[in-house]
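So that you can see what the record holds, here are the features copied from Swiss-Prot:
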| type | residues | note |
| --- | --- | --- |
| TRANSMEM | 41-61 | transmembrane segment |
| TRANSMEM | 87-107 | transmembrane segment |
| MOD_RES | Thr111 | phosphothreonine |
| TRANSMEM | 114-134 | transmembrane segment |
| TRANSMEM | 152-172 | transmembrane segment |
| TRANSMEM | 196-216 | transmembrane segment |
| TRANSMEM | 226-246 | transmembrane segment |
| TRANSMEM | 355-375 | transmembrane segment |
| TRANSMEM | 390-410 | transmembrane segment |
| TRANSMEM | 435-455 | transmembrane segment |
| TRANSMEM | 515-535 | transmembrane segment |
| TRANSMEM | 559-579 | transmembrane segment |
| REGION | 592-614 | region 'Disordered' |
| COMPBIAS | 593-606 | compositional bias 'Acidic residues' |
Amino acid sequence: MSCLEIYNKDTMKKKEGEEETRDGTVDYYGRPSIRSNSGQWVAGIVILLNQGLATLAFFGVGVNLVLFLTRVLQQNNADAANNVSKWTGTVYIFSLVGAFLSDSYWGRYKTCAIFQVIFVIGLSSLSLSSYMFLIRPRGCGDEVTPCGSHSMMEITMFYFSIYLIALGYGGYQPNIATLGADQFDEEHPKEGYSKIAFFSYFYLALNLGSLFSNTILGYFEDEGMWALGFWASTGSAIIGLILFLVGTPRYRYFKPTGNPLSRFCQVLVAATKKSSVEAPLRGREEMYDGDSEGKNASVNTGRRIVHTDEFKFLDKAAYITARDLDDKKQDSVNPWRLCPVTQVEEVKCILRLMPIWLCTIIYSVVFTQMASLFVEQGAAMNTSVSDFKIPPASMSSFDILSVALFIFLYRRVLEPVANRFKKNGSKGITELHRMGIGLVIAVIAMIAAGIVECYRLKYADKSCTHCDGSSSLSIFWQAPQYSLIGASEVFMYVGQLEFFNAQTPDGLKSFGSALCMMSMSMGNFVSSLLVTMVVKISTEDHMPGWIPRNLNKGHLDRFYFLLAALTSIDLVVYIACAKWYKPIQLEGKDEMQDMSDDDYDTESEEEREKDSKV
């Protein structure tokens with residue numbers, strides 16, 4: 001009997017070791033992923049390191065780009081801020097390109113690899129063009145030595161390089177986040193918990209990667225060593241690419257699922273063609289569910305989505321008419337006349353997400369000020385500490401440290417306390433709650449920035465012509481506004497990553513991550529538009545305006561207070577949209593979640609603590 005027990009135990013261990021994932025992931029060769037030797041934190045940490053190195057490279061260019069434009073290319077403050085906003089916005093618009101190619105054709109891994117190569121080429125081009133053509137005389141572009149004029153060809157080469165960087169980083173970014181999440185099976189209790197934790201650590205890696213850029217590289221570039229900073233960024237991107245490729249055998253993969261745009265259009269066309277069709281008497285029972293075995297509930301081969309009652313016009317795409325019955329008998333269903341319920345629900349999911357997504361744009365307008373007006377404001381303050389000068393862009397280190405602190409506080413203090421006191425059936429602090437908290441903190445951050453600017457103007461020399469460091473107010477007074485923005489990011493952007501990834505269908509996960517990037521993109525473009533409008537209106541009657549080249553003659557504080565007011569209005573609209581929103585429901589997911597919760601509760605406290613510390 002004891003031999004039989006030993007045999008059974010060995011058999012069970014072998015089965016556990018060869019257990020396949022439940023979410024449909026495959027290995028590099030297209031075989032079902034084995035849980036024990038794929039994905040999880042081994043692959044997750046490789047992806048986090050890759051993200052940190054790529055972010056270091058990106059912000060090595062982006063963090064001081066506004067100063068490069070003003071000091072090297074001789075642009076004024078408003079034009080430089082607008083150009084940075086447009087460039088940053090373009091980065092995140094390219095995220096849609098990457099998400100589309102990933103979900104439709106290439107898959108997440110191949111898309112990440114290709115766009116990282118483009119990213120490296122763009123950084124190399126920028127480094128070469130800066131070293132050979134733009135930084136003349138050598139060492140120019142600091143606070144003292146002006147740079148010479150540049151030809152149209154040189155400026156064109158510069159813009160070509162930075163927009164190639166935008167394409168590479170933008171196309172890569174949403175897919176690396178989703179590829180990282182793919183390494184954890186959400187239908188497994190322990191891995192599902194790790195998947196939620198991954199998004200927090202992903203955003204932490206993003207910020208820690210930019211910490212080096214904002215401090216060491218920021219200092220070199222502020223001192224005029226622009227080419228050195230750009231070459232360091234290039235080296236970081238190359239190391240990150242090599243590390244990413246090394247992890248290839250360990251990753252879990254989802255196969256690309258076809259063009260999501262065509263699926264979206266098929267539902268709209270089919271619903272329009274059947275606009276005069278009456279609802280079937282038996283309702284949901286007479287709607288098309290795919291084939292008789294239910295395997296093709298959606299052409300994306302993902303999990304079924306539970307039917308909902310919103311946007312009932314779209315349901316007509318799944319109504320089965322006499323003509324559709326004839327087509328089914330001939331085994332030739334026309335996807336432009338008849339769509340499965342899950343395909344219809346995919347469209348509904350995206351439509352429900354849109355109001356929430358639109359409400360996040362104003363927050364991104366606030367966030368983008370760190371890379372533009374915060375830097376210009378800091379440059380006009382006292383940056384000296386003894387004989388050492390603080391690079392204005394390095395003040396964003398307070399933002400990064402704040403992100404790290406609040407991620408720790410949220411995951412180890414706030415979340416456990418909230419879960420302890422939540423009522424039965426309650427989900428505790430949801431992603432929507434966290435995003436709302438982020439908006440509140442953003443309002444406070446803009447008020448703090450406006451107050452600091454009021455005092456900066458009070459101690460400023462308004463008669464100066466070269467106004468860097470013209471105010472006696474220490475640059476460290478900017479620390480509160482940077483720290484508040486960092487705290488708001490933990491609630492808003494980490495919440496967004498989790499929310500859009502969880503609320504998009506299986507075949508649109510990269511698109512979900514791209515929505516978060518697109519929020520940043522639209523925020524940058526709206527910021528650029530807002531700055532342009534404010535400058536035009538405030539400079540009427542020959543007034544210097546709110547954001548002139550000499551900030552001591554302007555009123556940047558009023559612009560910050562305007563942003564605080566706009567964010568407050570956005571918060572009210574967001575609350576209304578969040579109350580209206582209904583989350584996606586996957587068939588069988590509730591039952592699976594209940595089982596997962598039971599399994600998870602049986603884990604020892606030691607195992608849970610170990611997982612939370614990864």
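Backbone N, Cα and C define each Cβ position, glycine as well.
Sequence-distant contacts of the transmembrane segment (114-134), counting only residues of its own chain at least 6 positions beyond either end whose CB sits under 8 Å from a CB of the stretch, comprise 54, 57-58, 61, 72-73, 98, 106, 147, 150, 154, 157-158, 160-172, 175, 226-227, 230-231, 233-234, 237-238, 240-241, 244. For the recorded site, Thr111 (phosphothreonine), the DSSP three-state label reads helix. Between the transmembrane segment (515-535) and the transmembrane segment (355-375), the number of CB pairs under 8 angstroms, six or more residues apart, is three or more, so the stretches are in contact. Two recorded stretches are said to be in contact when at least 3 C-beta pairs lie under 8 angstroms, sequence spacing 6 or more; the transmembrane segment (196-216) and the transmembrane segment (390-410) meet this definition. Taking pairs at least six residues apart, the transmembrane segment (355-375) and the transmembrane segment (41-61) share fewer than three Cβ pairs below 8 Å and do not count as touching. Within the chain, the transmembrane segment (41-61) has long-range Cβ neighbours (under 8 A, six or more residues past its boundaries) at 116, 119, 123, 126, 162, 165, 169, 172, 176-177, 179-180, 183-184, 194, 198, 201-202, 205-210, 212-214, 217, 229-230, 232-234, 236-237, 239-241, 243-244, 246-247, 250-252, 614.
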